[in-house]
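Asker: Take a look at what TrEMBL says about it:
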{"type": "REGION", "residues": "1-52", "note": "region 'Disordered'"}
{"type": "COMPBIAS", "residues": "7-23", "note": "compositional bias 'Basic and acidic residues'"}
{"type": "COMPBIAS", "residues": "28-45", "note": "compositional bias 'Polar residues'"}
{"type": "ACT_SITE", "residues": "Asp117", "note": "active site, nucleophile"}
{"type": "BINDING", "residues": "Tyr173", "note": "substrate binding site"}
{"type": "DOMAIN", "residues": "326-430", "note": "domain 'Pseudouridine synthase I TruA alpha/beta'"}
{"type": "REGION", "residues": "529-549", "note": "region 'Disordered'"}
{"type": "COMPBIAS", "residues": "537-549", "note": "compositional bias 'Basic and acidic residues'"}
Amino acid sequence: MENQEPDIEKLPRDDVPDREPDHKKLKISTTGQETDSSAVTTGGSNVAERRAPKYRRRKVAIVFAFCGVGYQGMQKNPGAKTIEGELEEALFHAGAVPDADRNKPRNYEWARSARTDKGVSAVGQVVSGRFYVDPPGFVERLNSKLPDQIRVFGYKRVAPSFSSKKFCDRRRYVYLIPVFALDPCVHGEAEMVRTDLGYEYVKCVECSEKGYKIPLGVMGKDTDCCDTKSLEIQSDISSSTCDAIGADVKCETLSSSVPSAENNLNSEVLDGADVSALSSKAEGMEESNTLAKVEMNNGEGEDMTKSESKFCYGEKEKERFNRILSYYVGSHNFHNFTTRTKAADPAANRYILSFNANTVINLDGKDFVKCEVVGQSFMLHQIRKMIGLAVAIMRNYAPESLIEASFKKDVRINVPMAPEVGLYLDECFFTSYNKRFKGSHEEVSMEEYKEVAEEFKWKYVYSHIGSAEEKDGAVAIWLHSLNQRNYPDLRSNEYQPDEVIVYKKIGEASEENIHEGNAELFVVDKVNDETSEGTTMEERTTLEEKATG
């Protein structure tokens, strides 16, 4: 039939050639590596080959604490032992930083919330960066590579744009100052004894009993070698004159940016005389002797009796100290409280939110006042200098008005700086960031680590502060340098640039009249200019004519 299909010759089944089925083509990875989703069998084996899991970098904020003893501060410096140097090496050995990025913190966006000085500790420090935090156990791996005095509490996943430096709203620092440092009667400029020639400086009795070694020159220069020059500067005031005039004489030295040699000599001679008679009077300050005095028994130079102080940080002392610290609150120019920053530099303007000293804690048998300061940011040495000046005012070495004067741009003052051992960073705050990313990211705060932070604080930070004062007397030795010979700018009651106030005697009063208190005084301002000598003579002549007329 025409439509019938032709018969197809069928081959027998045994004659069909044997062929292996084609293997499934493997999917090529975008990274150039084969995926492990399918297993390739060879020789009929069913063993699957698996590769190691691949982790991604995460942007995190690491919360940690450290005791700063033995370290040259937080920030990494070549050739110096720093906290950052220890932490970066620990991150590398813990696998958080790859070998290609070792010692290259910019590659993983490293940032710190605060920098601390040499020897300063921290309980709530925060750093941020992009690290490999997987697999679980990152905190344990990191702590195993760190010394015991550096402990990581945990980490938080943060937004890609997060920076612990830029997103930190404010920082809280704490300074522990011994209560005895606020007592004007202990660890003064030097212990003193009275002899036939007047007062003489001797070694501090309390420091000698504890074996503290006071470095040479910390007391200031001696007065014996400068007697002749100092008499010329005093112009008509002798030590006997000051003893006779007593509390009616107020000697103030107004200094410019760098104290001159004459100012130093002037300060030496004032301290060589009866200092209690020459102490500056300021409003709101109680009159007290600025030197601890040890009198000789029966005129003999062998036995010395030490007067014990009953000073305590009571309500009255607390109110006065908090009033002094409150002068720092607000926005001010702190150019006198740091180094290498001029008054015209905008970086000198800082904002302090609060500064108070309401708590007393006991460390190794000594009471310490807990001074808490909260600010947006701080400059180098700023907190230690603020504490140093506040202590000087509490010890009656300077008036309270000196703090406000130090904020003026045209005034340069040498401000004393407290030791670093009592200072630590307590917490960093990220209020604005937490509010902005509340729904999408974890909160960056110390709330979760309060208990472990408090335990670290007492074990390492507080124990170090207490032992340093007991064994080395860090604050006690510093108090001996806190005198008006080393810091002549503390004498002033009202600062004006390039001006000195000198008190001179009118007329030619005899030594007997001086001892009887009949001598009259007048003030000569701006004696450091070229016309001062002529002005002085004219004023003296005018006053003498009025007295005789």
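The backbone N, Cα and C atoms fix where each Cβ goes, glycine too.
Note that TrEMBL annotation is computational and uncurated.
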Asker: Which Cβ among the recorded positions (Asp117, Tyr173) has the fewest C-beta neighbours inside 10 Å?
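Answerer: Looking at the recorded positions Asp117, Tyr173, the Cβ with the fewest others within 10 Å is that of Asp117.
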Asker: How do the residues of the domain 'Pseudouridine synthase I TruA alpha/beta' (326-430) split into helix, strand and coil according to DSSP?
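Answerer: Helix, strand, coil within the domain 'Pseudouridine synthase I TruA alpha/beta' (326-430): 29 helix, 36 strand, 40 coil.
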Asker: Calculate the distance in Å between the alpha carbons (Cα) of Asp117 (active site, nucleophile) and the residue listed as 'substrate binding site', and round it to a whole number.
Answerer: 12
Asker: Across the domain 'Pseudouridine synthase I TruA alpha/beta' (326-430), what does the mean pLDDT come to, as a whole number?
Answerer: 95
